[in-house]
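Undergrad: Sharing the feature lines straight out of TrEMBL:
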- 29-52: transmembrane segment (TRANSMEM)
- 64-86: transmembrane segment (TRANSMEM)
- 170-191: transmembrane segment (TRANSMEM)
- 212-233: transmembrane segment (TRANSMEM)
- 329-351: transmembrane segment (TRANSMEM)
- 624-657: domain 'LNR' (DOMAIN)
Amino acid sequence: MSAAAAVHYTIKQNAPPPLALAPHIRHGIIVFAAVKHSVCAVFFAAQAFIMLTLSPTVLNDIHVYAPFVAAATCGVLAILHVVVLVQFHRQLTTKRSTTVASSSTLVMSVRDLWRSPSSRWCRSYCSTWHLWTRVQKALPRDTLVLVFNGIQLASQSYQVILIASTVVDVWFVAVYSVVVLLHCCVAPLIFYSRHSQLKLLFLELTNSLFTFCLTCVFPLVGVVVPSLTFLLVDPNLHYDPTWSTSVALFSRVIVVTSPADYVTKVVMNIGTLLSLRKLGHMLAQSVPHLKLRHHQNIALGGSDKSIALIKLSTVCGHRRVSRPRRQHACFLVVCVVWGIALVILLVRAWFFRTNCPVTCVAQSIPIFDLTCRCKYVHVNCHAIGNESLDVAAALDPTQLGHDLLYVQLSRCILLDGIPSASLAAQPRLEKISIHFTNMTTWTGTLPPIVNQVVVRQSLLTAVPDILLHDFPPRLRSLIFEACPLQSLPAGIETEWQSLYQLMLVNTSLTHIPSVVLALHQLTDLNLGFNRMGGTGSNDSQSSVSFSMLTNLTNLIELDLSATDLTDGPWTLTATHFTLDLRLNPIFAVPSAVESTLLTNRRILLDGTTFCNASTHPSYCHTPSTCAPNCLTTMVGNHLCDLACFNAECNYDNADCDAYGFTRP
C-alpha cells in the first residue's frame, strides 16, 4: 500500500494510531495483568477443590448453593484465566518480535483486534464467542462498554448490600463499599473523557483493578488468612465463638448461596476476565513511546511520507474526537447519583442505627434496616450482675433482631434451659452453647437449622428432652462436658443419625454406650475423662464395644484419654486414624503396632505409664499435664477448663476471662 493510499485509508476509517506508552507504565500494566491472572487462577482453582472436597456438613454450614455447579464454574474460571494469560503472553511476545508493521496494522482499532486471527483460535471452541462477535458488530463499541459497566456496577452494588447484611467485620464492609463507590464514580468519569485511546486504556485498567480487589483480594484476606491461621497456627480456633461466627459469615458472602448470588458473582468474575483480556489486547496493540518517536521511519518503510502518515493519523486519532454523547452524560449522572445515595445509606446505617445490647458481641449493619441485627450474643449473667436474670428477656428479638447465628449463655440460674419461645423467635439460629449453669432439664423444640449444641458444666443427669425428639436434621455436633449423664437413652440412635461429632467428656460413663455404635456417620468421638476402666481388648464389657467401633468406618478421631484403660484398643489403629490414649495406665505397646503410628502422633500416649516409666522422646511429649486433669493441650484452647484455671497452668491462658472468673 502506498503512503497516499495509507493516508486515505486512515482518514476513511478514522481509526486511532497505536497508543504510545512510556516503558515503565507499559511494564507496570503487564506485571499487574500477569499477577492478577495468576492470583485469580489459583483462587478459583482452590475454591473448586475446596467445594469438591468439603464434607456435606461444612457445605451446609456455609450455605453453599448447588456445590457441584459452583465448583464447576470456579474450575472453568480458573482455566479461562490460565488460557487468557497464555494468550496475553503470546500477544506480547509476537508484538516484540514483529518490529516492522504495516500501516494498516498500526491503525487497527480495538474492535478489529477482537476479530483478528490471533484470538480466533480460542473463540472457535465456544459458540458464545460467536454470539459475542455478532453483538459487537450490531452495537457501537461505546454502547457495549456502557452496558457492560452498568451490569458490573449493579452486581457490585448487590454484593455490597448482601455483605453489609451478613458480615460482622466492619472493616471489611467499609473497604468493600469504598472500592465499589470509587468504581461507581471513577469509571464513568474516565468514560466521559474525549481522549478515546487513553479513555479505553484507563477504563479497562480501573475496571481490572477494582474487580480484582472485589473478587479475589478481599476474599483472600477475609477468609484465607484466618483459615491459614487455623490450619497452621491455632487448630483450636473453631472453639472461639467470635472467630467461628466471623469466618462462617465471611464464607457465605464468598461462596454462592442463592441463584441471584450466583448470577452476580459470575457477572463480576467474567467482568474481571474480560477487562484483563481487553487490556491485554490494547497493550499488544500499543508501542513504547520512544519507539514511536524515534523509529517511525523504520516501522513504515523508511520514507518521509510514512512520517507524515503517522502525524496525520495522530491528528485523526487524537485530536479529531467526537464529543461525548448524551448517553455518556446520562450514565455519568446515574452512577454518581447512585454513588451519593450509597454513601448516604452507608453513613446512615453505620452512625444512626439502634444500638444493640451490651450482650451482643458481633452484629451486622444492613443498609436498609436500622434496627439491631445481632449475630452472636453472649449472655453472662455473672458479668451483668444478675445470675437470676430472665433469659427470655435477655434474648428478646425486639432488642437483638431475628438474625442470631450463635447464642451463648454462661453462669446463669437456668434450671429449665433456654425457653422454647426464645429459640423459635430466631429462625436462623445455628449454634447454641450453655456453660456453667445449674440446668437440670430442658424441654421444647430446637430450630430446624441448628447444627451444634454445646452443654458444659451443668447438672444434667440425663439427656434433655429437647434432644430426644424433633432432632434438627442439620445438627452435626453434640457436646456434653462435665455433666453427670451416666448413660444415653436406648433407641436415641434413630434421632441422632445426622451427628458427625459426639463428645461425652467427663459425663460419668462407665462404658461405651451401645447407642454410639449405631451412629455410622460419626467422624469424631470423644469419651475422655470417663472412668470406664478395663483393658480395651480383654474386658468383658468394653471389649465388645471397642471391637464394634471398627464398624464406624467414617471415624477418624477417637479420644479415650483419662479413661483408666490398662491396655489400648490397638485393633482400631490405622494411618488415617487418630487414637488418643493419654493419661491412661497403659504399661506397654504391643510389637504388632507400627512404630510410625507413634512417631507420627497417630497414637497419643503422653502421660501413660508407658511414657512415664521410660524415655521415648519420639513417642511421648512431656510434660503432658500442668495440673491434675489438665492436659497441656487444654491450656489456651479457647475453652474454659476449670482444672486448668490455676497458676501452674497460667490460668488457662485467659480462656476463662470471658466468663468472669477471678484470679486469686
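Every residue, even glycine, has its Cβ placed from backbone N, Cα and C.
TrEMBL labels come from automatic prediction, so no person has curated them.
The model shown is predicted, which means the values in this text are computed figures rather than measured ones.
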Undergrad: Could you give me three numbers for the domain 'LNR' (624-657), the DSSP helix, strand and coil residue counts?
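TA: Split by secondary structure, the domain 'LNR' (624-657) comes out as 14 helix, 5 strand, 15 coil.
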Undergrad: Sort out the residues at least 6 away from either end of the domain 'LNR' (624-657), same chain, that have Cβ-Cβ distances under 8 Å to it, and list them.
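TA: Same-chain residues near the domain 'LNR' (624-657) but 6 or more away: 236-237, 239-240, 243, 435-436, 456-457, 529, 561-562, 582-583, 606-607, 611, 663-664.
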Undergrad: Let me spell it out: take the transmembrane segment (329-351), skip the flanking residues so only those 6+ beyond its ends count, and list any with a Cβ under 8 Å from a Cβ in it.
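TA: The answer is 146, 149-150, 153, 157, 160, 164, 170, 177, 180-181, 184-185, 187-189, 191-192, 365-370.
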Undergrad: Could you pull out which residues elsewhere in the chain have a CB under 8 Å from any CB of the transmembrane segment (212-233), counting only those six or more residues past its ends?
TA: 36, 39-40, 43, 156, 159, 167, 169, 172, 175-176, 179-180, 243, 246-247, 250-251, 254, 265, 268-269, 272
Undergrad: I'd like to know the mean pLDDT over the domain 'LNR' (624-657).
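TA: Reported value for the domain 'LNR' (624-657) is a mean pLDDT of 94.
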